[in-house]
Amino acid sequence: MTSQESDSLVLSSDPLHPANLIPELCRSFYQLGWVTGTGGGICIRVGDKVYIAPSGVQKERIEPKHIFVLPYPQAPASPHTDRVFLRRPALNLKESACTPLFWNSFDLRNASSCIHTHSQHAVMATLLWTGPVFKISHQMIKGVRIAGTGIALSYLDTLELPIIENTPNEEDLKDSMAEAMIKYPNAPGVLVRRHGVYVWGNDWEKAKTQTECLDYLFEIGVKMKLAGLPTVLNE
């Protein structure tokens, strides 16, 4: 594929094209404090193509020309596997360090989008829930789907989100994240202690909505916990 042909994968006048959506969403997430300090990430899968934001850049300044495009499926992305790219930016950029974890959401949940935030609410939840799972019952869980891609939870349900331990390198979370997803098949995301959260969905809209609802639940859950209130109904 020539440089011009690969660039055509990210150049579009359609505002809903993934290469246009990712910079727009990253700016929105930056304003929410989710991806400051170049942290966090997002991917969108459309058919056999995966669009991924670059790593180590100012997320609020990403442009379509900075987006990586990878084919899907391919061998599981890991630090020890050469990834296949349909397009790399001309600048000296690296694909998101979250890439192997995004692949978990594709392979284990058939998701089409995955979002990673460094939300302080998510981090605080992992510190106050010292065990392996975050639990809460609340009205806002109705905006969250079983396994992230199934039917919506009801008000009477209890949300359970696994918490895994952080590692020095993002890529090394891949296996423990996959194990947590298998152990908690109904979980719509995975929390990483002292780090943040990964959330996925059937498309970017559902992934975004669930990330927003979960962030609300982390915030209210932390406030309830600090106030000595139960976070699960009838418990």
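Even glycines carry a Cβ here, placed using N, Cα and C.
Just so you know, TrEMBL annotations are computer predictions that nobody has curated.
Taken from TrEMBL, the feature substrate binding site applies to CYS98. The 10 Å shell around the Cβ of CYS98 (substrate binding site) contains 26 further Cβ atoms across the protein chains shown.
Feature annotation from TrEMBL assigns Zn(2+) binding site to HIS116, HIS118, HIS195. Sequence-distant contacts (6 or more apart, same chain, Cβ under 8 Å) of HIS195 (Zn(2+) binding site) comprise HIS118, VAL123, THR126, ASN166.
Marked as domain 'Class II aldolase/adducin N-terminal' by TrEMBL: 20-222.
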Please identify which of HIS116, HIS118 has the densest Cβ environment, defined as other Cβ atoms within 10 Å, among these binding-site residues. HIS116
To the nearest whole angstrom, what is the C-alpha distance linking HIS116 (Zn(2+) binding site) and CYS98 (substrate binding site)? 8
